[in-house]
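Report on one structure; see the data block that follows.
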């Protein structure tokens, strides 16, 4: 049995202007956490923008798909998880205790 290669989108671009999510009174985030979230959000928005440009034919080579030549055998049974669902379950468990 052969396993299919793992593919990832690699972003090769610049960071955009700052974006702030609305505050949630039940959660307190450190400035470092907010900066990390902002960086990831901005980088992903850039990937999506560049991918749309590339797909419309106006730009080429901005977004590349990375495919591992030899997949890591320890990731063979890896199953992605929905982080929102995990957070929701953890919050519900905390409220029960």
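Residue numbering: from 1, along the chain as shown.
Each Cβ is built from the backbone N, Cα and C atoms, and glycine gets one as well.
Copied from Swiss-Prot, the annotated features are:
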COMPBIAS  82-97  compositional bias 'Basic and acidic residues'
MOD_RES   21  phosphoserine
MOD_RES   30  phosphothreonine
MOD_RES   41  phosphotyrosine
REGION    1-30  region 'Disordered'
REGION    77-97  region 'Disordered'
MOTIF     80-84  motif 'PXDLS motif'
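The distance from the Cα of the residue listed as 'phosphotyrosine' to the Cα of the residue listed as 'phosphothreonine' comes to 17 Å. Within 10 Å of the C-beta atom of the residue listed as 'phosphothreonine' sit 8 other C-beta atoms, taking all shown protein chains into account.
Helix first, then strand, then coil: DSSP counts for the compositional bias 'Basic and acidic residues' (82-97) stand at 14 helix, 0 strand, 2 coil.
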